[in-house]
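See structure below.
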Amino acid sequence: MTTLTHIPQGTPITLESIGKRYGNRTVLDNLQLRITAGQFVAVVGRSGCGKSTLLRLLAGLEAASDGTLLSGNALLSHAKDETRLMFQEARLLPWKKVIDNVGLGLRGHWRDDALQVLDTVGLADRANEWPAALSGGQKQRVALARALIHRPRLLLLDEPLGALDALTRIEMQGLIERLWQQHGFTVLLVTHDVSEAIALADRVLLIEEGRIGLDLAIDLPRPRRKGSAKLAALEAEVLERVLSPPQGIEASRQGIKASRQGTATSRRVAN
């Protein structure tokens, strides 16, 4: 297996007062975030909290309702060509062979580069096969190769391992971590798997009520040994916070409960 060469260093990111609304529904609310170049950040939170929305804003697929997205002193949109997004589904074109899926949209002499990135993810020998012949994990490796061929400085991962079996998922986690260590691009990983977030990231963010509710540095040496006491303690800390209702939601629940109790008391007095 060869390594991909000449990937530039990661993209630094600054989000200033980012808001995102869909009609009357606010998904992100005055979100503030700074990510240094080359950092590996995992984003967790309940379903519908805005994790994937954040990635779409960073990828330039949607525009923020409020605020500014920056890379250094320039708008992040200027780095769009150096940004790649991977989804839970590999999204390979079934009528194109593996190597052609990797080089999708490229012009000129790209086939040698495509073979190189396929070798990087361990699939050079499958270059001329059809996607239907690949397993789910292999399809995601092809999707990763398709991202790598563009020499990304920012890699956005939206639950790319969520549909894989446990063993394949661990293998893919190791591959992503090795490539990140070798090439230094910035990574944002959205995941529902807290153990995955702790195993891979330098930093874990929890989004709740449209804002960063927790920003936890994962100061553990790599490679991280699964089952270690420190890893388990961090997993428990993040999981407890994810499962705890945000203060605003809890206050709303208490208000509703008090209102109902007050109404019930009034009825008893009236009777």
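Backbone N, Cα and C atoms are what each Cβ position is placed from, and that goes for glycine too.
The ATP binding site annotation in Swiss-Prot covers GLY45, ARG46, SER47, GLY48, CYS49, GLY50, LYS51, SER52 and rests on sequence analysis. A coil conformation is recorded for SER47 (ATP binding site) in the three-state DSSP classification, outside any helix or strand. Remark: SER47 (ATP binding site) has HIS192 as non-local neighbours, by Cβ distance under 8 Å and separation of at least 6 in sequence.
The compositional bias 'Polar residues' annotation in Swiss-Prot covers 260-271.
Residues or ranges marked as domain 'ABC transporter' by Swiss-Prot: 13-234.
Annotated region 'Disordered' per Swiss-Prot: 250-271, in sequence order.
Neighbour count (other Cβ atoms within 10 Å of the Cβ, all protein chains): 24 for GLY50 (ATP binding site).
Shown in sequence order, THR53, ILE207 are the same-chain residues outside GLY45, ARG46, SER47, GLY48, CYS49, GLY50, LYS51, SER52 whose Cβ sits within 8 Å of the Cβ centre of the ATP site.
Comparing the binding-site residues GLY45, GLY48 on other C-beta atoms within 10 angstroms of each C-beta gives the minimum for GLY48. Under a cutoff of 8 A between CB atoms, and with a sequence separation of 6+ in the same chain, the neighbours of CYS49 (ATP binding site) are ILE207, GLU208, GLU209, GLY210.
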